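Enquirer: Structure below; questions to follow.
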């Protein structure tokens with residue numbers, strides 16, 4: 001009987017460490033998606049480089065550049081030759097000189113990411129990912145850096161790119177590069193830079209990936225389209241987001257998914273912790289940092305009442321906002337009603353609400369017709385994974401004027417003088433404009449690591465060419481004064 005690590009369950013009280021997460025993984029049905037798999041999810045035009053280096057993942061994000069420009073930042077990292085202290089040049093980042101500062105941020109994250117650090121300690125002797133060659137496309141932050149380095153400790157070779165052009169912490173990328181970690185990411189990438197970085201992870205002489213860790217499906221998309229011979233050799237895919245899961249299901253239904261994949265997004269540990277609690281805490285901080293808005297008395301439309309929508313709705317209701325919920329799923333709609341929220345169609349409330357927040361993971365939830373009806377000063381933002389929830393492309397018309405106000409804040413001005421406030425150009429707000437709770441991310445990162453271990457070590461025939469949830473048979477095991485959950489197969 002083979003023992004395989006499953007999610008580490010830790011109490012936040014490090015002294016008692018006597019609480020265990022109760023896991024109940026359940027199958028979730030997916031709505032039909034009509035978008036083609038190869039339709040690019042993040043096409044919103046050419047992006048400008050950010051002109052400042054932040055002290056966190058969000059302090060100086062910019063949707064069009066900051067007002068205080070640094071001449072050094074005018075040069076694209078692609079045009080610079082950088083070298084770390086060990087003579088390695090296999091990376092492309094903003095500034096290698098930020099490595100010391102980034103290392104301190106990673107060390108701070110390690111203190112809070114108790115689950116992942118416990119897994120690293122427990123499994124480092126066995127090296128369950130020895131011979132694994134992982135290409136990843138996720139956010140590049142201090143928290144995900146702890147995951148990258150854990151995979152390396154467990155024996156894997158990794159190459160990494162960013163899944164979001166605004167969420168990269170440049171100092172963290174520098175710290176990883178200093179440790180000879182091949183990372184290709186910087187804050188403020190253009191659309192062309194984004195795909196170039198992904199290609200640099202894959203197109204390497206003498207090195208072929210056999211595992212994919214994805215957040216949004218972009219790495220999977222690129223390898224499937226550009227390197228089909230490599231895609232057929234991949235042992236497994238681990239996908240974190242609902243958008244990426246939709247894309248995998250489209251491949252599967254078309255009979256084009258030739259490798260097994262694990263759906264991390266719908267694991268209970270991701271849904272009930274990261275999606276809910278992370279968004280519940282970060283939505284308020286994100287809105288405050290970008291708009292300085294007061295929440296009491298404001299009327300807010302939340303589009304979608306999944307776990308992300310639940311977290312956002314609860315946070316805004318607690319601050320005194322009047323919250324309307326739009327939802328097409330009858331069960332989620334009933335939950336919103338039972339939780340005391342007003343159910344409505346977006347078209348019925350869009351004229352008078354002060355904020356519209358999308359939380360669905362779908363496409364064109366808020367379209368031009370909705371935005372034409374919004375009142376002056378309405379704030380529009382996205383907390384879902386897909387940056388196409390708000391139809392930003394429809395705002396790129398001659399009669400509308402774009403006015404960049406501050407980092408991640410643009411005013412879209414109509415001919416009659418009306419303006420709406422668009423945050424982060426429709427990209428996921430909390431990862432573009434704020435910080436997220438490290439402890440909650442530790443649970444998701446540990447789930448990702450365990451999914452990689454499971455797929456890489458699974459005997460031939462256990463998984464077919466389909467999308468799976470994490471294995472459900474769990475047994476509790478306690479070691480290193482930490483509560484672990486293991487499953488035995």
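Using the three backbone atoms N, Cα and C, a Cβ is placed for every residue, glycine included.
Sharing the record's features from TrEMBL:
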REGION    36-79  region 'Disordered'
COMPBIAS  50-67  compositional bias 'Low complexity'
BINDING   141, 215, 240, 270, 274  substrate binding site
DOMAIN    275-436  domain 'S-adenosyl-L-homocysteine hydrolase NAD binding'
BINDING   306, 307, 308, 309, 310, 311, 327, 430  NAD(+) binding site
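Can you tell me where each of these features sits in the structure?
Expert: Taking the domain 'S-adenosyl-L-homocysteine hydrolase NAD binding' (275-436) as a whole, pLDDT averages 93 in the prediction.
Long-range C-beta contacts of residue 310 (NAD(+) binding site), restricted to its own chain and to partners at least six residues apart, with a cutoff below 8 Å, comprise 276, 280, 335, 339.
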Enquirer: Return the count of C-beta atoms lying within 10 angstroms of the C-beta of residue 327 (NAD(+) binding site), excluding that atom itself.
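Expert: Excluding its own Cβ, residue 327 (NAD(+) binding site) sees 23 Cβ atoms within 10 Å.
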